[in-house]
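Student: Here it is, the structure, as structure tokens.
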Amino acid sequence: MAALLPKVGMRQPKLRLSRAAIAAFLGLGVLLHLLPFYYIVSTSLKPGAEVVSTPPTFIPSAITLDAWKLVLQIGDNAEIVQLVQEPFWVYFVNSAFITLLAVGLGLPVTALAAYANSKLQSGRSARLSFLFFIGTMMVPFVVTLVPMYLLTLNFPFTLPDAPTIPGTDSEFPTLRLWDTPWAVILPAIFVPFNFLLFKGFFDTIPDSVINAARVDGGSELNIFRRIVMPMAVPVFAVTAYMSFGSVWDNFLWQLVTLQSPDKVTMSVATYQLIDRLSTKGTTGGGAAAQAEGMSDLLNSGLTWNGMMVLAILQSIPIFIAFLVCREYLLRGIKIRGLK
Amino acid sequence: MTTDTAVADATAAEDGAQPPATPSRSRRRRRQLWIFLAPAVLLNLVWGWYPLATSFVLSFTDARLRGDVTFTGFESYERMINDPLVAQAFRVSIIFAVLSIVLTFVVPILVAILLMEMPRRTMRWMMLLWFLPLSSVGTAILWRYVYNTDYGLLQSIATGLGFDRQPFLNSSDQVLFWLVIPGLVLYGPGLIYLATLQSVPTSYYEAAEIEGAGFWRKIWTISLPRMRPVILMMLMFAVIGNLQQFEWPMLMTDGGPGGASRTAVMYVYDILNQLRYADATALSILLFALIMLVVAVMRFAIREDPDAPPRRSLRELVTRKGDH
């Protein structure tokens, strides 16, 4: 607990006023922050006509679940099927599968590497492998975007086509990851920033604790499992929360790698739908095409209230991850000496 | 922590002394080390270093659509530099990043500092509410609706306050400003600042108190210097992230109107969609160069030492204003 305001004389009117002013400022910020939450939920409960009426209503005149039903039964609706081929739960399950696998594999892989770097290596080799792991962190994602895309097309090669085997006419065999969930999962497993968080935490564990366990004859894996992991719950929670959010809410990479309607994730499907729904900027298709897409959607009854349902579905898992991990979030962040 | 220290005390005798290292044992240790490291090393090689290295190689070739790839030197770079849309996209990215950092970077720091002033229980509740996350894709959808020029919430507020009808995202002059605004109510990074502040011992503030330091003086000489390394790191991430903005312009404006919100990464994506791989790589490396330049300038301009005294003139200015 910081003490910017003096503790002595806490009851002085001037100090009380300062404290109240801080509380009011924070309260106002909370209100501003919660406003979008309220507006999303209330809009999703409005009837379709009210959503596109002027002036917009802040409190729904009538509460209906029409938009929710429409979105959840999207596969049954002939008009919408032309725009999004699968029911939305398919996209939701795709997203969930990718995210859970990426986080579930990512945490142990990253944590073990960070632990090995922090406690099993020392001196020069430790510094070198630290640089090896962290070196890719500051590299902007866009630099590797194209080679990674080509890599998912022809797995071991970052070329548009697999090269031919010298002396023959046949091409090297390649593995196509593109348009499969693995194209999203594999690159998301090892995250340098998570490595940094884990390493920062493991560095604070005294070596003597580990050495004592070694004297008692524990194998390194058992030491990690029985002694280090229970101490590291907060940092596991932080990394789980952060990587969950970043995979679930990722957009660019999933847009690049996933294409077939049954493989697409929530964020991509939502983009495809919203692309049709509202009038685009001038870079998009012609005005006629927009009007057509618009009327298709309105015929089907899907409008902004349905989009808000999608926004809620997209937010709920992140929301839950936050609530689950919140107790540990502050304790788990120990970033030290980053240079 | 109490159990940790108990264990540490119990083993104080062996402290530093490694367990007897017989050859078989150290070999087993080395094997275990590699088992721990192998998956991460492999993944970071394949999905980190390998694409990074080939990215530079690809940018000097004519890789596109299909067929053989041959080296063509700086041709793709020349093509990209002479493309007027590239200049526009870079300008958009830079303006977006500057606007976004100026408008949204300071708020979470301030919030974290002020949250620490609340009684413990109030802080827990406020923290929960302040940092409640909303999906960033979801946020973009919501704001696209709020910005709608016909039936959006902001339009009705604007006309209600007596302004003319506003074009919002349809104005090529204002579009970037409106795209940045949703970030004002996302406070996620505040969590990291809050965690940093919690590790500052209360005694620092008490000592400052005895020395007669006021509210602002304590923030300036204790809180901010303690947060400095983390603030710098977050600033670095903000610069890197904002110069690569893609999601919000894509979801809210699709680059419009007339490319006024088409960022550099969106243009990379467009070129990639035309299967011009070499050009896309060359453009992304140009963006990489810009980002590295900005980061290097920042590192040069900002002193790293958290314990370095703040500049005299500023300190006096703040003290005079803040002392009760």
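Any Cβ shown, glycine's included, is placed from N, Cα and C.
TrEMBL lists these features:
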TRANSMEM  A:20-41  transmembrane segment
TRANSMEM  A:88-116  transmembrane segment
DOMAIN    A:92-325  domain 'ABC transmembrane type-1'
TRANSMEM  A:128-150  transmembrane segment
TRANSMEM  A:182-202  transmembrane segment
TRANSMEM  A:223-244  transmembrane segment
TRANSMEM  A:307-329  transmembrane segment
Student: Should anything in the same chain at least six residues away from the transmembrane segment (A:88-116) have a Cβ under 8 Å from its Cβ atoms, list it; otherwise answer none.
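Tutor: Distant contacts of the transmembrane segment (A:88-116): 71-72, 74, 133, 181, 184-185, 188-191, 194-195, 198-199, 202, 224, 228, 232, 236, 239-240, 243-244, 247-248, 262-269, 310, 313, 317.
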Student: Report, as numbers and ranges, which residues of the same chain sit near the transmembrane segment (A:223-244): CB under 8 Å and 6 or more residues beyond its ends.
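Tutor: Here the qualifying positions are 99, 102-103, 106-107, 110-112, 115, 188, 191, 193-194, 197-198, 200-202, 205, 209-210, 213-214, 317-318, 321-322, 324-325, 327-329, 331-334.
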Student: Report, as numbers and ranges, every residue of the chain located at least six residues beyond the transmembrane segment (A:182-202) whose Cβ falls under 8 Å of a Cβ in that stretch; write 'none' if there are none.
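Tutor: Tertiary neighbours of the transmembrane segment (A:182-202) are 98, 101-102, 105-107, 109-111, 113-115, 117-119, 130, 133-137, 148, 152, 228, 232, 234-235, 238-239, 242-243, 246-247, 250, 253-254, 257-258, 265, 332-336, 338.
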